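Per TrEMBL, the features are as follows:
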type	residues	note
ACT_SITE	Glu318	active site, proton donor/acceptor
DOMAIN	29-348	domain 'Peptidase M14'
SIGNAL	1-23	signal peptide
Amino acid sequence: MILFRENGLLLLSLFCVFYRGRTFEFKYQHHDNKQLIQILENVHDTCPNITRIYTLSETSVRGVPLWVIEFSTRPGHHEILKPEFKYIANMHGNEVVGRELLLRLAVYLCEAYLNGDKEIRSLISMTRIHLMPSMNPDGWQLATDTGGRDYLVGRPNNNSVDLNRNFPNLDRIMFSNELNHINYNHHLLKSVNSLSKPLQPETKAVIRLIMAIPFVLSANIHGGDLVANYPYDESRSGAAQDEYSTSPDDETFRHLALAYSTYHADMANPKRRGCGDSMSDKFPKQGGITNGAQWYNLQGGMQDFNYLSSNDFEITLELGCEKYPDASVLPIEWKRNKNALIHFMWQTHIGIKGIVYNIKTKIPLSNALIHVRNITGGINRDIKHDITSVHDGDYFRLLTPGQYKVTAIHKGFYPRSRTVIVTNEPYSPAVRVDFGLRPLTHQLQADGEEYLSYPDSRSHYWKIWENDRDQMAVE
């Protein structure tokens, strides 16, 4: 039990939830790696019908399991037209606020669901949610053992590798394709035939997670500043700073970043102070958001890897100037971030979703290409980042409000286009747009339609991830 003062008030940092004759106790503290799984197990024991705990395919360098808790009305299964969401925290071991927030969020989701909270029950019924409190438990241990006060100690993993510089650099492939007018703009892990540095076990585990589950939206949580960061993190020219590196979905990513910053207690407050450097001082006046490369150039980051290797849109959340604050501030941080954490999960439902299927046999078609052209107000601009339908032919495409021409393309079928108006009504499912594709009788292009052709070859590394798809998680 911890007592502390805030604005002259004596607060108790021991949180208890009572329901159905059971007591759920959550203490605000820096939970160690054993306590972390104990909390997740307590949540699962309390809410067994809507949760599942699993570990990733690899452990940390020191053998600590990488735990995830899932919330869903059908845990362990991807449900058709139900989008997948993830939060990952503590990628840098000495950045600890996100780790504690995700533990607290897990408790809250369970508590609110059992207490009949309509919003949370709706969110869980509509979304499959994955929370990974710590990607770097070894770094956390080192930071904690040394007092948690050094800006760098504990940041990397136990092999002294920064995990947020350890993912395959897909940005350079994307930028090269742009320069050479190659339309290959998605799932770029297929193009990786060699790596500049060995992948760490924690990195491998998360890559396999990304390849195994069709995530639609995610965020990775850091500390050291207060801002919501969006792609691209890497600059096209190689400039170290001050170069806005636009992604094809820049408008959508700005919306996603603002969805967090404007629901945070003060991230978007233009009158607040930055964290002590000239770039940080600009963030409050930008709505609490920044383009990654405009802040600083980063190669091999997890954020851009998600976007360019899968259907997942990811942003990076920096949740405070202090990386390893005293435990007494954790209740305050929960209060500051709670609404934003929940509101951001709802963004999984913006845009459109649907099923692609063979119109004759009604069989779903996986790996159909979904291409979008923005035709709002006569814009008529292709969004040069395509996504694909997944296991059961379902797809999810995040978009901001507007009018779009959406085309579904699959080898052996005539393409089909539909026009859709996106409004993004709050707390509602995405607009449903299905595509029944007609098989080609001859290998001819449909009149007036244009195929988007991409390489069919798959690299050595892509085959590794694909072969491991069904072995990613252990119950």
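Numbers here mean position along the shown chain, with the first residue as 1.
Cβ coordinates come from backbone N, Cα and C, glycine included.
Remember, TrEMBL labels are computer predictions, not curated facts.
On a predicted model such as this, the values are computed, not experimentally measured, just so you know.
In the three-state DSSP scheme, Glu318 (active site, proton donor/acceptor) is classed as strand.
This prediction places the mean pLDDT of the domain 'Peptidase M14' (29-348) at 97. Neighbour density for the residue listed as 'active site, proton donor/acceptor': within 10 A of its CB lie 25 other CB atoms from the protein chains shown.
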